[in-house]
Amino acid sequence: MAATIPLPPAQMLAVKQPPASNIPPSDKDVINAHNYVIAVSSAYCRSQQRYDKHLGEDVGIMDYAEAIRYEARVLAHTEDGQPPWLAAALAPLLTSLAEVKGQLTVVEGKLDLLTRRQADTARTLAKSFNFCQSGMPENVLQIVPFGDGQYPSDIGLPVLDTIAAVENLTTQQHNDYLSRYYPNQVIAGTVVKRKKLLLSALGCKTFI
């Protein structure tokens with residue numbers, strides 16, 4: 001015999017109870033439980049009209065509360081604790097959310113593309129400026145962004161705003177710069193060659 005959800009105990013209000021709900025409840029069981037609450041609510045309202053409220057009696061309130069609890073138990077035994085109609089009601093909302101998420105992904109992609117294009121423009125302008133300024137070690141240079149749009153300060157690298165700043169880099173910092181300016185490339189060679197590569201990435205003249 002299939003398991004069922006116990007019905008509320010019969011008490012004051014004369015309301016016909018539905019058949020006990022199966023576990024898990026069917027759509028009909030959910031509707032029966034809801035209609036039972038409506039029927040008990042109507043009977044409770046009628047009882048309130050018949051009895052003098054000043055007598056301190058609240059006839060049928062326990063029946064009303066038990067009917068509500070019964071419906072709650074039925075709903076709790078549905079799949080995931082949700083009434084069968086809820087998934088259908090939520091489906092359009094979930095679809096809309098998925099569409100919004102897809103649109104946001106497209107927007108993020110366009111923003112990434114815009115960031116890269118802006119970085120390309122900034123890099124070209126900075127390198128052009130630096131080419132004219134790189135004659136003296138103390139001349140101020142423009143900061144050249146990396147290919148992904150990030151700036152050296154974004155990842156904790158020292159700012160290369162003069163030729164002297166390049167000279168003061170540690171070996172690790174030098175390597176970090178080269179790996180960013182020349183991604184997916186294996187940078188080898190002498191210290192002098194590697195320094196030329198970095199200066200070239202900054203747009204500076206390489207006389208060394």
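Easy rule for this one: first residue shown is 1, then count along the chain.
The backbone N, Cα and C atoms fix where each Cβ goes, and this holds for glycine too.
According to TrEMBL, the protein carries these features:
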DOMAIN    133-205  domain 'Mug135-like C-terminal'
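Here the domain 'Mug135-like C-terminal' (133-205) is broken down by DSSP into helix, strand and coil counts: 33 helix, 0 strand, 40 coil. On the 0 to 100 pLDDT scale, the domain 'Mug135-like C-terminal' (133-205) averages 87 in the predicted structure.
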